[in-house]
Amino acid sequence: MKKTLTTLALGATLAAGPALAELTFPSLSYRTGPYAANGIPFADGYADYFAMLNERDGGIGGERINMIECETGYNTEKGVECYEATKGEGALVYQPLSTGITYQLIPRVSADGIPMHTLGYGRTSASNGEVFPWVFNYPATYWDGASVAIKYLLDENGGDLSGKKIALVYHNSAYGKEPIRTLTELSEEHGFELLELPVDHPGQEQKSQWLQIRRERPDNVIMWGWGVMNQVAIQEAVNIRYPMDQFIGIWWSGSENDVRPAGEGADGYKALNFHAVGSDFELYDDLEEYVWSKGNAAGAGDQHGTVLYNRGLYAAMIAAEGARKAQEIHGTSAITPAMMRDGLEQLEMTEESMAELGLAGFGPTFSASCENHGGSGRAAINQWNASEGKWEVLTDYIQSDQELIARLVQEDSMAYAEENNIELACQ
Amino acid sequence: MPDQLLFAIEVTLNGLMAGVLYALVALGFVLIFKASGIFNYAQGVMALFAALTLVGIMDGQVPFEHLINAVFGTDIHGFGWEVPALLAILLTMVVMIAFAWAVNWIVLRHLVGQEPIILFMATIGLAYFLEGLGDMMWGADIKTLDVGLPQGINTTIDEATFNMFGYGFFIDNLDITATIIAAVLVAVLVAFSQYTKQGRALRAVADDHQAALSVGISLNFIWVLTWSIAGFVALVAGIMWGAKSGVQFSLSLIALKALPVLMLGGFTSIPGAIVGGLIIGVGEKLFEFLVGPLVGGATENWFAYVLALIFLVFRPQGLFGERIIERV
């Protein structure tokens, strides 16, 4: 009897588990908790892209995609639990959508030999592939974001920021503090005064910071926020009548969620972005035909075309193209995490390749290498049009100060390598 | 007048206003603790749930819309009507009263006489359940709340102070409204507890629920009444905070702002919640203004607790709390 039960249990487990040749992409999502409003559109875009590939192409290279969704609630401990629970399923790449979870996973993925892609978040200096061979953060990093914001302001001010005052309103966390080093260096180089204004988590009360902004009247405000901090900051800026077109958020402070609660007052607010907005892409036709029209849209299906939905699509597209590249390099469709790493490391996104995917002009072109896991470091400026209720693209992709970023990345990553006795790759 | 002094006055005034908003959250805790001895961990989530319900009703959203669509394959997207703010507030209150009744009927009446820690644990479970229920009923997206409250700088104060001092003070119209509403709310609560039969019964239960039971006061009724009033206070707090940031799930975290207020003002005093809120509001804002720049800023969250702890050292029962004397 006992033997029969064991056999049945084993059989059931094998039947429920993924087929061995499937390509497994875990989705560490957050559909619940304080950050759910941002986590949902990203997770929906991520899931819909893979569902579309399965329906339209039968997966990637003939292998069907098995996407495992695990709820983190944007909680670092739960994120690590999700990683531990799913890594044994043959996970090819992790995209945790949280800087906190990223920091916890860096040593784990390095030890386990599973790639991690942190799309425009996480540890900036992980863009040095020599020190972080398993971590990728292209197409742009936080430091690129800080540099692009300053370059844009230079452009707006005739190339001269000397004597200007720029305030940085940031989430008082590892994430929020990321741009400080870059902005400090840039303030010395360009002669502007940097006013640092930390906001404690979660950021529901920011009166002190915005009273200070009202008193000190900085020429520009740059924001590094997430979740409720963004909405409150934009509302407070409206309240003190700060000119919205002088207020720029990082790409995590630039979704519809962030501006809508402030209504018309948010008109003119700017934000960086490293991918396109809206739904005017051929890929959207395929999503409609193969996924949405069949009632298979992820979630409620009401996020299509939003900034964070597009970001989820973009993240999934990069993962899929990494897998395709890995299949090409190794001549097999059934790739391992190590092969996936090779694919991500040799990934090249060109105008042609994006057009072929139905995403012409969707993101900046970039090519990765053994040393460079951070991409080209380019981002565009978007501006919120409140009356039309949509983001408008204000600039082309602006190149960050690569010389400065490379130096900072080198210093930080080498210090990490020394601290952790890491042998450099790419030698 | 020196600039720094003007700025300090402006910060103090804004601190007082922020304190009122903290006090609004703390009031809900006090009401339930006073009547039943329960520290209601779910108070922040109640504010969120009330605000979600209000917006859902105003926007004509169908409750459990996503769930219904997923299970039955339908494509429902709202009733197609909008409900005026005042009517929506009344309907939300009906929901909060139903919630109070359900909490009492399903949870609390089975726990009468249990240790306070058990009741506290029950409210933790309640908080997570309510958060999930709110998500399923109304969705997790950020909702814009517009019940017609004025927002933005008060130009009268700005101009008047500018004419007087050459510097216009910033006072948010929403904060002024919150202050007026809080004052009215406290007055109504005090009048209710002093001059109505139910209010007196509530006070009797708060003083000694065994004695109250012995004279025929229904504990069930009082608890439903208390949770309903706390639900109403949560709705007011949800409206005020939701107007600032949109109604979203982080709204439940406003409870964190109420804890130092409760520590300072005492868990059993309505005036304590108000005065505690004002002290915490002014204290944290002034500390951030004067000391924040020297220590890198972001002092408000922790300083509020330091301030509360300092008061606790001298008055363990809080500023207005009842002194506990145990005779051996």
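Cβ atoms here come from the backbone N, Cα and C positions, even for glycine.
Features as listed in TrEMBL:
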TRANSMEM  B:12-33  transmembrane segment
TRANSMEM  B:45-64  transmembrane segment
TRANSMEM  B:84-107  transmembrane segment
TRANSMEM  B:119-140  transmembrane segment
TRANSMEM  B:176-196  transmembrane segment
TRANSMEM  B:217-241  transmembrane segment
TRANSMEM  B:261-282  transmembrane segment
TRANSMEM  B:289-314  transmembrane segment
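Listed stretches B:12-33, B:119-140, B:176-196, B:217-241, B:261-282 were compared with the transmembrane segment (B:45-64); the greatest number of C-beta pairs under 8 angstroms is found for B:119-140. Counted over residue pairs 6 or more apart, the CB atoms of the transmembrane segment (B:176-196) and the transmembrane segment (B:12-33) come under 8 Å in at least three pairs, which marks the two as touching. Two recorded stretches are said to be in contact when at least 3 C-beta pairs lie under 8 angstroms, sequence spacing 6 or more; the transmembrane segment (B:12-33) and the transmembrane segment (B:261-282) meet this definition. Remote same-chain residues near the transmembrane segment (B:84-107) are listed as 46, 49-50, 53-54, 57-58, 122, 126, 130, 146-148, 220, 223-228, 230-232, 234-235, 239 (criterion: CB distance under 8 Å, separation of at least six residues from the stretch ends).
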